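Student: Dropping the structure in here first, questions after.
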């Protein structure tokens, strides 16, 4: 069974009643239960539900643009009125977009419940041009704040919550830690967030993890900015950036410089959600596996979570990073998908039971 960490008895009872999956035994797929194998295989094994998006480009205060992909769910039978149709904002991982299989599955789950979804694609990675020499990072929440304000202004009467995966979850936690209760979001779900960036990069720099994940992730980061080289060369030594062989080297030469941090340690400290968890002011459910090499089990802030009545952690012993595969042939629904579906439905259908916590 997963470990459920929550100091608020009312929140616990709410989850046990309306999101019972968090109390059920999670049985990982028997032939790929190990965390690294789950992490590696999930993108290849899981299906990719068909989703038709409506794209919207919104302008930012600094002259940039953000690409939003909307799934309006206009065939919703439960919520035919678009003005009050519940809306879920989805935040993909580090180099992820609305095309990731885990995002498509979240939208598929939301579709069956009648909800609307909008995917926040970080600057410059979803095919749109960079209009300014700026991309994104886990610590800077300005773009996310702009997106949340924009979505809420379009549908002010619609119940509104968010779900973030991996770096998307880190960004969402950092936003919630900054805003406290001052947000239009009712609640949030976080999946496989890296809680302490120092511990995450140290884990990823171990020889086998570097070979399996770190080098590939670094090349993905480099690929995501290479298309915008002409714009970015105005501020960066792109030849140096493209020589990086680890995420830490990339962040040292590019990310931390872009966002004005004096050192990479300053950036990593600011990007670590564990530092802001005490300030989260709305109900948040966080799912992590303790065998996730991207977010080591010993770095999950269990004691800090116990100090905030708004926070519940669900910790599994297996599952890897955005893995959580289950069943003999795990093509479709994962444990993570089931947690997402039940929690989102619990918030939208029975949220009044926890909002008086």
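Placement of Cβ uses the backbone N, Cα and C atoms for every residue, glycine included.
Not my notes, these are from TrEMBL:
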DOMAIN    86-327  domain 'AB hydrolase-1'
ACT_SITE  166  active site, charge relay system
ACT_SITE  292  active site, charge relay system
ACT_SITE  321  active site, charge relay system
Student: Counting across all protein chains present, how many other Cβ atoms fall within 10 Å of the Cβ of residue 292 (active site, charge relay system)?
Tutor: 28
Student: Whole-number Å distance between the CA of residue 166 (active site, charge relay system) and the CA of residue 292 (active site, charge relay system)?
Tutor: 11
Student: How many Å lie between the Cα of residue 321 (active site, charge relay system) and the Cα of residue 292 (active site, charge relay system)?
Tutor: 5
Student: Measure the Cβ-based neighbour count of residue 321 (active site, charge relay system), defined as the other Cβ atoms within 10 Å of its Cβ.
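Tutor: I get 25 for this one.
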